[in-house]
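*Asks:* Take this structure, written in structure tokens, and hold onto it; I'll ask about it next.
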Amino acid sequence: MSKRYAVVLAAGQGTRMKSKLYKVLHPVCGKPMVEHVVDQISTLDVDKVVTIVGHGAEKVQEHLAGKSEFVKQEEQLGTAHAVLQAKPELAGKDGVTLVVCGDTPLIEASTMEALLKYHHEKRAKATILTTVIEDPTGYGRIIRDDLGIVEKIVEHKDATEKEQRISEINTGTYCFDNKALFEALENVSNDNVQGEYYLPDVIKILKDLDEVVAAYRMESFEESLGVNDRIALAEASKLMQRRINDNHMRNGVTLVNPENTYIDIDVKIGQDTVIEPGVMLRGNTVIGDDCVISSGSEIANSVIGERVHVRNSSIFESKVGDDVQIGPYAHLRPESDIHNHVKIGNYVETKKAIVGEGTKLPHFIYMGDAEIGKNVNVGCGSIAVNYDGKNKAKTIIGDDVFVGCNSNLIAPVKVGDRAFIAAGSTITKDVPEDALGIARAKQENKMDYAKRLNHGK
């Protein structure tokens, strides 16, 4: 089999995006669009991927590190000029080269594989990936002869009235014989209104040499959708989201309302888990089997065990064990580690906290920089006071501890196993095992005092 190469065009600034972020780095369902393209290419049997970078080169290289080689296009002088920058990496090599735009995040590996196969079957020097759309305005048209053989690509502005009625368009993805490509690129002219070197001109050059030029027509236009502005970005995200959600449902996940559920592309969800409307699952989140993620929940870069119920809560960069109840309105901040059979109730916040098996944090609690043992019950309104204005300190609570309501644990402090903290206490010293910690003023009732004040009258 011939060697395979790929060139990804990612040098454009994307002025129509009106953004400080370079165009190809705009995310589609949690991943920069150029990374979608390169990841799909990487599943093919490709010997080398070369990404042409320009604007934002360092950022693009950072995102694609280890996935591609890079060549910089110092001046953006057109698509043919961009591909020509890969000459030091690819020129003279036997094989075929895919050319794909980095702003087409919906392109699939199966389509590119079919293009490569068709190119080989037709023994072509160039094969154009085409599709048919109802309104081809603005796209280059594929001109064929009476036998269906490709004659040329005509840009919309240069097309005759008859040619403009053609609905088969150039998607901007190509497969070339590698040597023929770089030989033809040397002959591309910039004699046009824009003064740029256009890749479709390679097709004309090869046709003039009587080389075979083919066109592989794919069924779906959406794969070729190029993102040039925020409207197209939203459309690409919507189409990608539908693809992601459909895949999860095929794999045994219930999405109660798929159109109102956001799931990033790298999220993994176990079978028989139910995702209710209004949920956002981001980053590298992993959710186990038989979970329920209720409406209004957001989970990012976290690992959720099995049989977990999350009610209208936020979980970020945390780990949750099996059979855990969370929410409503809980907030698990980064580095929270919630063990099995834990209850995290309403308006509970954790941060850099380990919560041991069977422990209950029922409501209105803050545990930051804390290590909590097994079977602990923390009463309403209790706080691990971890910050003195300059430094963070740690609170350690042993197993089988009871912390009464409205207790303040002033870190650094340690509460031993089976200890009891009286409600309303402000604990500043360690509490030994099996001890009662109580730190509050003795109640004193001043008889008739309120009567003398006459309740402020």
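Glycine is treated like the rest: Cβ placed from N, Cα and C.
Marked as active site, proton acceptor by Swiss-Prot on the basis of sequence analysis: H363. Summarising the annotation, Swiss-Prot assigns UDP-N-acetyl-alpha-D-glucosamine binding site to 9-12, K23, Q73, 78-79, G140, E155, N170, N228, R333, K351, Y366, N377. Per Swiss-Prot, the feature Mg(2+) binding site maps to D103, N228. Marked as acetyl-CoA binding site by Swiss-Prot on the basis of sequence analysis: N386, Y387, A423, R440. What Swiss-Prot records for 1-230 is region 'Pyrophosphorylase'. Annotated region 'Linker' per Swiss-Prot: 231-251, in sequence order, evidence recorded as sequence analysis. According to Swiss-Prot, the region 'N-acetyltransferase' annotation covers 252-457, on the basis of sequence analysis.
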*Asks:* Do you see any of the recorded positions D103, N228, H363, N386, Y387, R440 whose C-alpha is within 10 Å of L9 (UDP-N-acetyl-alpha-D-glucosamine binding site), and which ones?
*Replies:* D103
*Asks:* In the same chain, who gets a Cβ under 8 Å from the region 'Linker' (231-251) while lying at least 6 residues past its ends?
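*Replies:* Tertiary neighbours of the region 'Linker' (231-251) are 17, 26, 28-29, 33, 36, 105-106, 222, 225, 258, 261-265, 267, 269, 271, 275.
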*Asks:* Taking the Cβ of G78 (UDP-N-acetyl-alpha-D-glucosamine binding site) as the reference point, list residues of the same chain whose Cβ is under 8 angstroms away and which are at least six residues distant in sequence.
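*Replies:* Result: N190, Q194, E196, Y197, Y198, L199.
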*Asks:* Could you state, as a whole number of Å, the largest distance between Cα atoms of any two of N386, Y387, A423, R440, the listed acetyl-CoA binders?
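*Replies:* Of all Cα pairs among the recorded acetyl-CoA binders, the widest measures 22 Å.
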*Asks:* What number of additional C-beta atoms lies within 10 angstroms of the C-beta atom of A423 (acetyl-CoA binding site)?
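*Replies:* So the Cβ neighbour count for A423 (acetyl-CoA binding site) comes to 16.
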*Asks:* How many Å lie between the Cα of N228 (Mg(2+) binding site) and the Cα of A423 (acetyl-CoA binding site)?
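*Replies:* Answer for this pair: 60 Å between alpha carbons.
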*Asks:* Pick out which of the recorded positions K23, R333, H363, R440 has the most other Cβ atoms within 10 Å of its own Cβ.
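*Replies:* Going through K23, R333, H363, R440 one by one, the largest Cβ count within 10 Å is at K23.
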*Asks:* So which one is it: of the binding-site residues N170, N228, which has the fewest other Cβ atoms within 10 Å?
*Replies:* N228
*Asks:* Give me the CA-CA distance between A423 (acetyl-CoA binding site) and N170 (UDP-N-acetyl-alpha-D-glucosamine binding site), in Å, as a whole number.
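*Replies:* Answer for this pair: 73 Å between alpha carbons.
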*Asks:* How long is the line from the C-alpha of R333 (UDP-N-acetyl-alpha-D-glucosamine binding site) to the C-alpha of N386 (acetyl-CoA binding site), rounded to the nearest angstrom?
*Replies:* 15
*Asks:* At the Cα level, what's the spacing in Å between Y387 (acetyl-CoA binding site) and Y366 (UDP-N-acetyl-alpha-D-glucosamine binding site), rounded?
*Replies:* 12
*Asks:* Which residues of the same chain, at least 6 positions away in sequence, have a Cβ lying under 8 Å from the Cβ of N386 (acetyl-CoA binding site)?
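*Replies:* Result: G368, D369, A370, K392, A393, K394, T395, A411.
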*Asks:* Within a 10 Å radius around the Cβ, which one of these binding-site residues has the most neighbouring Cβ atoms: Y366, Y387?
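*Replies:* Ranked by Cβ atoms within 10 Å, first place goes to Y366.
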*Asks:* Tell me which of the recorded positions A11, N170, H363, Y366, R440 ends up closest to D103 (Mg(2+) binding site) in space, Cα to Cα.
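*Replies:* Closest by Cα: A11.
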*Asks:* Give the residue counts of the region 'Linker' (231-251) per reduced DSSP state, in the order helix, strand, coil.
*Replies:* 20 helix, 0 strand, 1 coil
*Asks:* Average pLDDT across the region 'N-acetyltransferase' (252-457)?
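*Replies:* That stretch averages a pLDDT of 97.
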